[in-house]
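What Swiss-Prot records for this protein:
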type	residues	note
BINDING	GLY67, VAL68, PRO69, GLY70, VAL71, GLY72, LYS73, SER74, THR75, ASP209, SER245, ALA246, VAL247	GTP binding site
Amino acid sequence: MAMMAASHDDDTVDGLATAVRGGDRAALPRAITLVESTRPDHREQAQQLLLRLLPDSGNAHRVGITGVPGVGKSTAIEALGMHLIERGHRVAVLAVDPSSTRTGGSILGDKTRMARLAVHPNAYIRPSPTSGTLGGVTRATRETVVLLEAAGFDVILIETVGVGQSEVAVANMVDTFVLLTLARTGDQLQGIKKGVLELADIVVVNKADGEHHKEARLAARELSAAIRLIYPREALWRPPVLTMSAVEGRGLAELWDTVERHRQVLTGAGEFDARRRDQQVDWTWQLVRDAVLDRVWSNPTVRKVRSELERRVRAGELTPALAAQQILEIANLTDR
């Protein structure tokens, strides 16, 4: 019976892989739901599916997009997506939101805030999986990229949502990372999270609309000066600062031309493929870390002592390092 079940699973996975490759719009969400699942039997099927589709992936340009609060990220992503479709691309939009379980996610929001893109036959929008942990969301997003590329989408836009380490996670899974910011009076770096500027490959001052155009150009000059202090003169790529009005549709072509130029520069130096290989290795170790953490959380003895250990750490009776050591010993993850 077990062999028959395995054979049936193989048939199901083969059929799903064929359907995804063929661009079946109904098969794609089924495949994505499978890779998002944390059930052990689903994880096994998902890995078999990914193994079959991996040779068909890798041809898309993966672009991460983050932004300061109020920058109009959704409007910008939709405008860029529609612009790319007009240029003959097939565009997928993913969100990385580690808070999606706690907040209820943006399952309705993604499609209502990008209404035109959501209904276009050459676009696909997928809200963040409701994993509740950044590691879980990151894993599901990386695996979803493989499915989307195998399905023929040649541009994958990955949006960061919420706060925390989502920018770093997205930067580690894309080819080009774009930071959207606003023209601000005074210090132009105000509102940009510490460290995010160093992650960016391209910086865009959005909402350069009408009377704000001059202010946006001034902000772009100030940001360019700041970036020159971060990157040495001999750097392979120094992030350019562009101005854009997503509402008016200005600057979209320049943004995408810059994304393509970034890829050309990296490819010419042999860095594009090297970056992707490094990301695969990074992904491997992230999966190891996630698996070890899952093993610790699921250990029944750890669950029994967790509250008491946390209480003692809060009370100052136990250092975090000693508490961690006890947890690892209980979970049989030390060399003692």
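Here the Cβ of each residue, glycine as well, is placed from N, Cα and C on the backbone.
Annotation note: PRO69 (GTP binding site) sits in a coil segment as assigned by DSSP. In the three-state DSSP classification, VAL247 (GTP binding site) falls within coil. Counting only residues at least six positions away in the same chain, the Cβ atoms of ASN206, LYS207, ALA208, ASP209, HIS213, GLY251 sit under 8 Å from the Cβ of SER245 (GTP binding site). Shown are the binding-site residues GLY67, VAL71, THR75; the one with the most C-beta atoms within 10 angstroms of its own C-beta is GLY67. The full span of the recorded GTP binding residues, GLY67, VAL68, PRO69, GLY70, VAL71, GLY72, LYS73, SER74, THR75, ASP209, SER245, ALA246, VAL247, taken as their largest Cα to Cα distance, is 17 Å. Counting every protein chain shown, the number of other Cβ atoms lying within 10 Å of the Cβ of LYS73 (GTP binding site) is 20. Note on VAL247 (GTP binding site): other Cβ atoms within 10 Å of its Cβ, all shown chains, come to 15.
In the structure as shown, the Cβ atom of PRO69 (GTP binding site) sits within 10 Å of 8 other Cβ atoms.
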